[in-house]
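Student: I have a structure here, written as structure tokens, and I will follow up with some questions on it.
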Amino acid sequence: MSKVLLASRNRKKLAELQRVVDAAGITGLQILGLDDVPEYPEEPEDGATFEENALIKARSGVRATGLPCLADDSGISVDALNGMPGVLSARWSGRHGDDHANNALLLAQLSDTPDERRGAAFVSACALVLPDGTETVVRGEWRGRVLRAERGPNGFGYDPLFAPDDEPAAGRSSAELTPEEKDSLSHRGKALAQLVPALRELAARG
Ligand SMILES: O=P(O)(O)OP(=O)(O)OP(=O)(O)OC[C@H]1O[C@@H](n2cnc3c(O)ncnc32)[C@H](O)[C@@H]1O
Ligand SMILES: [Mg+2]
């Protein structure tokens with residue numbers, strides 16, 4: 001069984017990757033999380049772009065474990081905030097990973113922004129780095145609008161505040177989509193879809 005490490009502390013990303021791999025019918029690929037490998041010092045996510053940060057995470061995973069390594073760096077880019085929070089999305093409120101505080105701050109910052117200027121995009125860059133040094137970086141984007149209050153129980157992070165533009169999601173936040181609906185439309189779904197052939201090949205190596 002081939003192994004790939006998802007160098008992420010976010011369990012929701014692990015679940016999304018597992019669903020994409022299962023939906024693609026890829027068998028023979030075991031996805032490990034950081035909890036499944038010996039602890040190693042993680043480097044700061046201090047890149048200027050999602051792509052740089054995804055590479056930082058994937059390269060350090062390969063260096064530490066010798067396993068093929070996948071990493072996602074993602075966030076929400078709000079038009080009215082000139083693309084911020086962007087790479088700072090996970091720590092926008094100053095407390096890393098505090099979804100509730102991050103969402104509250106974003107809502108407050110946009111309180112005077114009218115509906116027609118609440119456009120935003122979720123962005124995901126995914127990097128796959130192999131022990132032989134091969135590096136592949138892909139990107140997916142998901143356009144929508146920032147709502148005026150949180151809505152819906154699913155997903156994570158900014159999902160309750162994000163209303164996708166796509167017709168099938170009409171009138172719902174991304175936290176009101178089923179996991180399968182989110183995968184088929186989302187930034188991460190679009191990025192990971194581009195890596196499916198490489199993951200299939202990894203699995204086939206046994
Ligand atoms: O770095 P790792 O360990 O992978 O996990 P993380 O949660 O810190 O992930 P990022 O550094 O990539 O930060 C991404 C932030 O952007 C937000 N985000 C990314 N994808 C999202 C999604 O699909 N739905 C909602 N929010 C998302 C979420 O709030 C995250 O805190
Ligand atoms: Mg992070």
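Positions of Cβ are set from backbone N, Cα and C atoms, glycine also.
Given the structure is predicted, the values throughout are model-derived calculations rather than measurements.
Summarising the annotation, TrEMBL assigns substrate binding site to Ser8, Arg9, Asn10, Arg11, Lys12, Lys13, Ser74, Phe156, Gly157, Tyr158, Asp159, Lys182, His187, Arg188. The active site, proton acceptor feature in TrEMBL is assigned to Asp73. The Mg(2+) binding site annotation in TrEMBL covers Asp73. Sequence annotations record features per position, and here TrEMBL assigns region 'Disordered' to 157-189.
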Student: Output the one of Ser8, Asn10, Ser74 that, of all these binding-site residues, has the highest number of other Cβ atoms within 10 Å of its Cβ.
Tutor: Ser74
Student: Near ligand 1, meaning Cβ under 6 Å from any of its atoms: which of the recorded positions Lys12, Asp73, Ser74, Gly157, Asp159 fit that description?
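Tutor: Correct list: Asp73, Ser74, Gly157, Asp159.
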Student: Cα distance, the residue listed as 'active site, proton acceptor' to His187 (substrate binding site), nearest Å?
Tutor: 11
Student: Tell me the Cβ contacts of Lys12 (substrate binding site) under 8 Å, same chain only and six or more apart in sequence, or just say none.
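Tutor: Result: Gly155, Phe156, Gly157.
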Student: So for His187 (substrate binding site), how many other CB atoms are inside 10 Å of its CB?
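Tutor: Other Cβ atoms within 10 Å of His187 (substrate binding site): 25.
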Student: Express the distance between the Cα positions of Asp73 (active site, proton acceptor) and Ser8 (substrate binding site) as a whole number of Å.
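Tutor: That separation, Cα to Cα, works out to 9 Å.
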Student: Summarise the region 'Disordered' (157-189) as counts of helix, strand and coil residues per DSSP.
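Tutor: Counting residues per DSSP class in the region 'Disordered' (157-189), I get 19 helix, 3 strand, 11 coil.
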Student: How many other Cβ atoms are found within 10 Å of the Cβ atom of Asp159 (substrate binding site), counting all protein chains shown?
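Tutor: Around Asp159 (substrate binding site), other Cβ atoms within 10 Å: 24.
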Student: Does DSSP give Lys12 (substrate binding site) helix, strand or coil?
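Tutor: Assignment for Lys12 (substrate binding site) reads helix.
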Student: Using all protein chains in view, find how many other C-beta atoms are within 10 Å of the C-beta of the residue listed as 'active site, proton acceptor'.
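Tutor: The residue listed as 'active site, proton acceptor' is surrounded by 26 other Cβ atoms within 10 Å.
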Student: Of the residues named as substrate binders, Ser8, Arg9, Asn10, Arg11, Lys12, Lys13, Ser74, Phe156, Gly157, Tyr158, Asp159, Lys182, His187, Arg188, how far apart in Å are the Cα atoms of the most distant pair?
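Tutor: So the binding residues stretch over 20 Å, Cα to Cα.
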